[in-house]
Amino acid sequence: MGIVVQKYGGSSVADAEGVKRVAQRIVDAKRAGHDVVVVVSAMGDTTDELIDLAEQVSPLPPPRELDMLLTAGERISMALLAMAVGNLGHEARSFTGSQAGVITDSRHGKAKIIDVTPGRIEAALTQGAIAIVAGFQGVSQDSKDITTLGRGGSDTTAVALAAALRADVCEIYTDVDGVFTADPRIVPTARRRERISYEEMLEMAACGAKVLHLRCVEYARRYDLPIHVRSSFSKMPGTWIADPEAGSEDMEQAIIAGVAHDRSEAKITVVGVPDKVGEAARIFEALADAQINLDMIVQNVSAAATNRTDISFTLPRADGQTAMAALARIKDEVGYDSLLYDDQIGKVSLIGAGMRSHPGVTATFFSALASAAVNIEMISTSEIRISVIVDETQVNDAVTAAHAAFDLEAEQVEAVVYGGTGR
Ligand code: ADP
Ligand code: ASP
Ligand code: MG
């Protein structure tokens, strides 16, 4: 039998009991005859706790040192897991990302994997051992410094390793039974999807469904590698992320794949921008130079009396202060009036490939939000997605209303959330 790559998230290894439970599952896969490679995240909320600690000693921790600190979380869980597997009578060897050959660029906190050279993993497998790899981390090709891949990045480590090892499948074990039509923490009646296409899963992940890291889905699609999302707490069948097989039932797709939400963005408004050629370009150049990824952008029609306009955009909250500083530096050059910053917002997105051929989806979505008294601040669309920005306090109402409007409810069983704090 071939190589299986299994990834276990933080809530699956939150304490010693969890580590032992996961070790048993790993040993079961080994006994079934597979070569097993495991990728593991930091225990429970360790990564958040380490970030809190760093912020207590320095308001803006240097990115190189923050990465060094955070990768310690995964080192703890990988070594404990290897011990627990050893205790069940099988040899397991743990490896840091660097030892496992995860080579990245040098952008601390959001490094991209540029190569995977898993020689030591292959050697361990050849010798009959189980390889346990620290997720979320790598080593920079240029600086040789330790890097991290961004929050939730262990999923991407797992898929990148699975692709490099030519595994048949990458299994992602988490604290819910698969990918649902909405976050089961908000909508308990959400339905588990048996399958979902790469295209729809990419949109769901990009819109904040943190059950999978966005880049892991991009990677899997590029290598045509199926991902199997399952709970580490149950034996339920989970969800397959793969392209629909030609002629299969799921060629007849549901119109809507699901509703996603995201509370990690903030909104900046540049007030009173003179309405002349080149002003928007100057603003967005300054943000690009500061390495900020923007999401939605809206420019209002300029008021005839003043010939000035407002430009609003959303961006990751974590980049809010950097963006405000970059814009403040060009205030005189651009001649805008002021800047507004709002991080009490949330994004709610409706995703489905069936939108392409079904008119009326937008109308149903907006009337569902109106009936739930949700006020829409910004709108953006793609071929298979509609997203709105709402007040953060209205995110749950908006998700619930949209989910109900498209009949996505499961028929009987309520979705189970087995662990995690939802942090
Ligand atoms: P892990 O620690 O295993 O990486 P995460 O917390 O990163 O787990 O991801 C799992 C969580 O993703 C679930 O507990 C759930 O709250 C959340 N989630 C958001 N959207 C969805 C969705 N559509 N389907 C399933 N889970 C979702
Ligand atoms: N431990 C990291 C995080 O909390 C990586 C991961 O869990 O995937 O973001
Ligand atoms: Mg995760």
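Cβ atoms are placed via backbone N, Cα and C, with glycine included.
TrEMBL: automatically predicted annotations, no manual curation.
Marked as ATP binding site by TrEMBL: K7, Y8, G9, G10, T174, D175, R185, K210, V211. The Cβ of T174 (ATP binding site) lies under 8 Å from the Cβ of G9, S11, S12, V211, V229, R230, S231, S232, each on the same chain and at least six residues away in sequence.
Annotation note: E74 (substrate binding site) sits in a helical segment as assigned by DSSP. For E74 (substrate binding site), the same-chain residues that are 6 or more apart in sequence and have a Cβ closer than 8 Å to its Cβ are V40, S41, A42, T96, G97, A134, G135, F136, Q137, S154. Annotation comment: TrEMBL describes T47, E74 as substrate binding site.
If you look up TrEMBL, you'll see 268-344 (among others) marked as domain 'ACT'.
The domain 'ACT' feature in TrEMBL is assigned to 350-423 (among others). Secondary structure by DSSP for the domain 'ACT' (350-423): 30 helix, 15 strand, 29 coil.
Filtering K7, T174, R185, V211 by Cβ distance to ligand 2 (under 6 A) retains none of these binding-site residues.
Geometry remark: R185 (ATP binding site) versus T47 (substrate binding site), CA distance 21 Å. Sequence-distant contacts of T47 (substrate binding site), defined as residues of its own chain at least six apart whose C-beta falls under 8 angstroms from its C-beta, comprise G10, S41, L70, G73, F136, R151.
Largest CA to CA distance in the ATP binding set (K7, Y8, G9, G10, T174, D175, R185, K210, V211): 22 Å, whole number. DSSP assignment over the domain 'ACT' (268-344) gives 28 helix, 25 strand, 24 coil.
Taking the Cβ of K7 (ATP binding site) as reference, residues of its chain lying under 8 Å away and at least six apart in sequence are, in sequence order, V38, V39, V40, S41, G135, S154, D155, T157, A158, C170, E171, I172, Y173.
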